[in-house]
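Residues or ranges marked as domain 'Alpha glucuronidase N-terminal' in TrEMBL: 25-144. TrEMBL lists 148-467 with the feature domain 'Glycosyl hydrolase family 67 catalytic'. The active site, proton donor feature in TrEMBL is assigned to 305. According to TrEMBL, the active site, proton acceptor annotation covers 379, 407. According to TrEMBL, the domain 'Glycosyl hydrolase family 67 C-terminal' annotation covers 468-693.
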Ligand code: BDP
């Protein structure tokens, strides 16, 4: 009987320890599986000294103890004295030992950076993780654990790390009823109904995960905002979340519905120049800060896609943003005012509208306002040229908005590693102040001397056990944090870190998974929107191909508006002969895109209406190139499947099967995209799909007849 019970416990324990459901993200802390390295680490780390009992230092202490006992397979004792192998952790204020080291690098680490240094103290080798603040200490601890998780040497550490961007933020598009706009990973993790009394353990794990990659802010609610979240009933719930996140250096933000003074305040207007309205927001800010003393501020979507805003009262975006900024300023709160605006009435090329509205407002915003700009001018497409506002508003801090949730990138089923796409935009040169004026330098404030800086991304997190629905969605969350901290990191390096922590340090496995990840974005661009095609997805839910769609209530929600295919060719002419959107870029950028012979082919149809017979660099005609690219996309997905299949023995069954099944869906979807798009565009090109390629299995009518009334995420 006793034996049976023991056996049961052993089985139970092994299940608990080895259940690979993805919940632990990249913070798995499994025993180092390289014997030599394990011995080295065990010899180098024999004790932990961390003094101080602030919530932040307690969080750091808990993490280092948990992390080390997992990675080193034994409990590392807390110490009061130095011995060889002491890991000394803290700030000069929390630890006399750290103070006595007088580390010169702490002059450079500011209020979030950290240093990790190997030192000799009283003849003893120690490692010091030091920072000026608790948040810095925590980031240092996570970085140190990452070194071990990724099997780095720790003999002669001399690391100084400081974030390049100040506000590193997740934007949850979560509604108060727990649905998530464009969410493909279940419902919202914020259980509003049970808050503030019921604290889901996930909240803390969410905070740990974010802190581990340097994310220091979270906007809890959808940009299509509900004013209710600003009422006391909800503020109490927000405060409960804020108190869980605080030790992890994470501030909460809310979306502010512009019409809130009318909807929950009983006023007749929300006009930003009305004194009563201004006072209402001031009172509201005061109230919020009573609940949440370190509240971060507001994210606002105004006068866009039906949301209320200052233009309802004949005021401009700066007047709207400044009113909120004035209300938040006494408490050091900020406003992140979105530039994703386009008007239903304006017939102007949608590409141009944000620039047209915001560029004239440069210099008109309060110092605590950032204008949050999507990476591209249209809307999170698989590949977009950089937004022309970057570099065009030198007097205004511009914040980057990426999208982790893959609304237009295969949603919840496609493996697409987004870092290469983020990097493409960050590394793009705006030429705003001559060569080298990259988008990254605009948003990190260096180009125009701003200290208020930020990078945000629309979250892909939900209640799914593995957080992001597709396991590889975790890599995008990870990449956002790492890039916001340091945009000079390469996609390859970030993938490397993530795979080592999430799967294994085994070189063969590491390289195979990395190669899948690094090829995935280009693969998707090819099977969805090659050569600069954009916004040809299904109407409203954005699932699957629908280049034929022309029935939306407004022109610029229709794929036909964006691809403009006709008997002569395909593509949106944005040169001076067309919409002239290119005039919004600096002359250098404009020239390159304007001249069809220098326009990079991956952006060709963004800017040119090109003849079907146009000769591409490959020697193929445009039509043939399109057929080629769509087929390359499918081929690449099949290669990803084959690579994944080859790793069966090296990956636990649970995650292996999960990804395998999703790759099968991805392959089907890639074929569907290719066949539907080629059949449709063929009605204009009137040319055959070359015989060397697989021919579509169905007719165009079949693809056009497919309907998805219950597609997720709407
Ligand atoms: C679009 C989404 C829509 C969002 C909007 C936004 O389709 O659901 O509300 O962006 O960013 O991509 O506000």
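Placement of Cβ uses the backbone N, Cα and C atoms for every residue, glycine included.
Unlike curated records, TrEMBL annotations are generated automatically.
Mean pLDDT for the domain 'Glycosyl hydrolase family 67 C-terminal' (468-693) in the predicted structure: 98. Taking only the Cα positions, the spacing between residue 407 (active site, proton acceptor) and residue 305 (active site, proton donor) is 17 angstrom.
On the backbone, the CA of residue 305 (active site, proton donor) and the CA of residue 379 (active site, proton acceptor) stand 12 Å apart.
Taking H, G and I as helix, E and B as strand and the rest as coil, DSSP gives the domain 'Alpha glucuronidase N-terminal' (25-144) the counts 49 helix, 25 strand, 46 coil. Here the active-site residues are 305, 379, 407, and the one ringed by the most other CB atoms within 10 angstroms is 407. Secondary structure at residue 407 (active site, proton acceptor), as computed by DSSP, is coil.
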